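J.: The following block contains the structure, expressed as structure tokens.
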């Protein structure tokens, strides 16, 4: 029995922090603290440090392997006479590391706190009852060992899960059969290069938060943020299994029992390309008193997989299904809030679940391609376009116009990330294009002549708000139809200009700051409703 427990300690997860259950009184010496960092013994601490450095060196070797292999090949080290001694050295190192892992397991076995944690973890895996889950939530450990709390297959047909949820695809060009085959052969090198770019540095440039070394550097901050959510806001961490098999790390803060109206609304937060729910935009609706559900992109912190568009949409889908079927919210209670690149999954959710209450997009863009072209050499333009459209097609505007509900866009006036020239040129902010494409779809008769004017800083032009609201309300009452509306087709030039500026002000709010500044709760508003 003791040998079996030691083996489980060898293979067990890292234990980082112990959260006190709110139901228990505070032990002596820890007054005023609801949790404390796990204190490993000397043996566990030093062996864990050795294994940690080995992991870092492996990560560095992995990311630098193309350059390293080229260097070794040029020096003549890649040959049988050289590889045999190297393989012996590598084998020796692996045996030593295995011994270090066994010593770490011995150190854990001698630690009463770790043994208690392992007992609770094993019991929860056998019997996933609410009581056991509550005990397990008092520990912060490697999320890969966390038992699953919800799976997409619980509410959907497992036979359909492998295909994933539906995405908007670029329309194929019409070609003859012979021409299509010839074109496929001619463009095969481009397809191969695009695939290699997308699956190597391209994906990591687009989502730097998925890089393991960055996560290691940020881990203390992420653990501190997670402890705050659990200990101050009574947050509940859950593991969701998406239809592609990826495990999604989520955090839920329930404010419904507080009795406020805001607490009955669930805000689902979609983070940026280097954002994590532990330290990201989840804090904004929390300060506003809302119930909040945050989640990490595939490949970010506890979530598994890679953040390609299909995986992103699959993750968003299981998050919404979890909110409905496990947390007990109706779609009409859900607000989807996104910052930056999170606008892709947020706009997908609005398109796929049109019954949601509203959508708030902060510092988001209409399409990834113009931003990708901005940072790459001009000579690469055809390759960049092909790579984005085939593998990283973040077509936010195309998804957004499928949504009929209330929308609020927040534009950062000094945004340095989603502008195609510079932060001082607000006209190049791609948030403008997102607004224009939305309004051009919803009110096509009003918008064509005034797109540039609406995208500019429009605060100096007087608008009769009462007249504009009455015109739109009358149209809605008489017809009660979905967008697009034909309102404005018989109006004068001045009338359409008034409506265009009125709508721009209602759909978009300016926030005088840069891209990465956290949004204050005072700037988080419910979108305008007619």
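The backbone N, Cα and C atoms fix where each Cβ goes, glycine too.
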J.: Name the residue range among 2-22, 23-43, 86-106 that TrEMBL annotates as transmembrane segment.
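T.: Comparing 2-22, 23-43, 86-106 with TrEMBL, transmembrane segment matches 86-106.
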J.: With TrEMBL as the source, which of 50-74, 125-149 is set down as transmembrane segment?
T.: 50-74
J.: If I take every residue in the domain 'AB hydrolase-1' (266-386) and average their pLDDT values, what number comes out?
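T.: Over the domain 'AB hydrolase-1' (266-386), the predicted model scores a mean pLDDT of 96.
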J.: Per DSSP, what is the residue count of the domain 'Phosphatidylserine Lipase ABHD16 N-terminal' (4-142) in each of helix, strand and coil?
T.: 92 helix, 11 strand, 36 coil
